[in-house]
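The structure under discussion appears below in the form of structure tokens.
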Amino acid sequence: MEDKITLGKFIQSKRKELGLSQKDLAKELYVTESAVSKWERGVSYPDITMISGLCRVLGISEHELCTASEDNQQREAEFMARSYKSFVRGYTIITGIGYLAAIIPSFIYNVAHGGIGWFMVLITSLMLTFSFINVPVLVKKNRALWTLGSATVSLMLLYAAGCVYSHGDWFVMAVLGTLLGEAIVFLPFVLRSEQFEKYVRNSKGLVCMAADSVLTFACVVYGTLKYGDVVDLRDGMLATVTCVALVWAVFLIIRYLKVNGFFKGALCFVASAVWVVAMTVLSNAWNGMKLSDIISLKGADNDRYDVIVCLCLAGVAAVLAIAGVVYKFVRKKPQDR
């Protein structure tokens, strides 16, 4: 009985807040005024078929009707959602007006002067701006991916427009350099997203390294052939291979070797020391220096610096190796007890 009275008072208070009489409410629900009176006096409950209609007329949720109380948290969430939609709508309209204010005068000026080259640069620049300030607001899911993708496409189009406008030949080099930078910085995060992680699984690092390596070689090959000659290509490829080899060695040690972190660090420093020695020998031999002179350090002062660097790397590797042995012994000792 108490629940009926509480519900009745709640219905009555909501009806009066809306300025409705019992007759008005009954008319909206297609029931008799007597039925409404019985609900409010706690004589009977509304029929279950009336719940949706009653909530619609009173402007409340079914949860609020069943609990006979206002769900302030839900109302606040709905208010915030409406406010955000209003903000997005206003934000989009304002930025759209700004885009039109830039596009229309520029289009008229360029057409009047017999060319649209600069206009295309403006359009692609606005597309890039749209990618950063509008796409994150308009897209509901995977905002980072959509923003990165739209910004990349817009930037490529901006490169093309700028290249055509300036009559340049730098488009491919700019695209390769940009893709390399984006692959190094953003590809690890892209592969961790839901859309791509199911395909690469535990090979994310390997995919990133492969993509970075391919794009690096592409930049070197195209750049040396475009702005140099075959000799430059040979030297560039040799330098790239040696540098990429060290990066791959460190990656494989860290990612796939099943030892503790101290041993991994030691092996990375050992690999670096071996790399420095190999580069010193190869670079001097490339310049025509005899192996005996290289070993006896009769070359330039840089060779002596390389020896110092190797000794430092070897020393750090030794310290880390000792720490690894101690760490392994300390971890193993409690397990033996």
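Heads up, residue numbers simply count up from 1 along the chain you see.
Glycine is no exception: its Cβ is also placed from the backbone N, Cα and C atoms.
Annotated features, as they stand in TrEMBL:
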DOMAIN    11-65  domain 'HTH cro/C1-type'
TRANSMEM  90-109  transmembrane segment
TRANSMEM  115-133  transmembrane segment
TRANSMEM  145-165  transmembrane segment
TRANSMEM  171-191  transmembrane segment
TRANSMEM  203-225  transmembrane segment
TRANSMEM  237-254  transmembrane segment
TRANSMEM  266-286  transmembrane segment
TRANSMEM  306-330  transmembrane segment
Averaged over the domain 'HTH cro/C1-type' (11-65), the pLDDT of the predicted model comes to 81
DSSP tally for the domain 'HTH cro/C1-type' (11-65), helix/strand/coil in that order, comes to 39 helix, 0 strand, 16 coil
Residues outside the transmembrane segment (171-191) whose C-beta sits under 8 Å from one of its C-beta atoms, at least 6 past its ends, are 144-145, 148, 152, 155-156, 159-160, 163, 197, 200, 204-205, 207-208, 211-212, 215-216, 218-219, 222-223, 226
